Amino acid sequence: NLYQFGNMIQCANHGRRPTRHYMDYGCYCGKGGSGTPVDELDRCCQTHDDCYGEAEKLPACNYMMSGPYYNTYSYECNEGELTCKDNNDECKAFICNCDRTAAICFARAPYNDANWNIDTKTRCQ
């Protein structure tokens, strides 16, 4: 779920950047997404959005409150290393891996302050 995703981001980047800095970045980090990603970090968000889209198509994720935004999965954070636990069902495992992959991607990608809170109407066509 989104709360766990935020915690994964903090784990992967060792708390160096607040999660809220990723909520309104580029064309894809935050609610919605369109156009061409502005940089590597924005591509991480586009990939994460696409992964959630795939999760929503899974039969195992096709029931009320089972989607990627609400479903609670089991994972572990150990000194920046993220592990999705084996006790997750198919849907939870898929969502956990979407979030894990994105959190690692965020931690590796450079953050450009100029791409925070951009005018998406003009920059994300």
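Backbone N, Cα and C define each Cβ position, glycine as well.
Per Swiss-Prot, the feature disulfide bond maps to Cys11-Cys77 (among others); the stated evidence is similarity to another entry. Around Cys77 (disulfide bond), taking its Cβ as the centre, 15 other Cβ atoms fall within 10 Å, counting all chains. DSSP assigns Cys77 (disulfide bond) to a strand segment in the three-state reduction.
For Cys27-Cys124 (among others), the entry in Swiss-Prot reads disulfide bond. Cβ environment of Cys27 (disulfide bond): Gly33, Ser34, Gly35, Thr36, Pro37, Val38, Asp42, Gln46, Ile118, Thr120, Arg123, Cys124 lie under 8 Å away, each six or more residues apart in the same chain.
Taken from Swiss-Prot, the feature Ca(2+) binding site covers Tyr28, Gly30, Gly32, Asp49. Following the DSSP three-state reduction, the secondary structure of Gly30 (Ca(2+) binding site) is coil. Counted within 10 Å of its Cβ, the other Cβ atoms near Gly30 (Ca(2+) binding site) come to 16, all protein chains included.
Residues or ranges marked as disulfide bond in Swiss-Prot (evidence: similarity to another entry): Cys29-Cys45 (among others). Of all Cβ atoms in the protein chains displayed, 24 besides its own lie within 10 Å of the Cβ of Cys29 (disulfide bond).
Per Swiss-Prot, disulfide bond is recorded for Cys44-Cys105 (among others), and the stated evidence type is similarity to another entry. In this structure, Cys105 (disulfide bond) is part of a helix by DSSP. Contacts of Cys105 (disulfide bond) defined by a Cβ separation under 8 A and a same-chain sequence distance of 6+ are given as Leu41, Cys44, Thr47, His48, in order along the sequence.
Under the DSSP three-state reduction, His48 (active site) is assigned to helix. Residues or ranges marked as active site in Swiss-Prot (evidence: similarity to another entry): His48 (among others).
According to Swiss-Prot, the feature disulfide bond maps to Cys51-Cys98 (among others), an assignment based on similarity to another entry. All protein chains included, Cys51 (disulfide bond) registers 18 other Cβ atoms within 10 Å of its own Cβ.
Per Swiss-Prot, the feature disulfide bond maps to Cys61-Cys91 (among others). DSSP classifies Cys91 (disulfide bond) as helix under the three-state reduction.
There are 25 other CB atoms within 10 A of the CB of Cys96 (disulfide bond), with all protein chains counted. As annotated by Swiss-Prot, disulfide bond applies to Cys84-Cys96 (among others).
The secondary structure of Asp99 (active site), as reduced to three states from DSSP, is helical. Long-range C-beta contacts of Asp99 (active site), restricted to its own chain and to partners at least six residues apart, with a cutoff below 8 Å, comprise Gln4, Phe5, Met8, His48, Tyr73, Tyr75. Summarising the annotation, Swiss-Prot assigns active site to Asp99 (among others).
With respect to their backbone Cα atoms, Cys61 (disulfide bond) and Cys51 (disulfide bond) stand 13 Å from each other.
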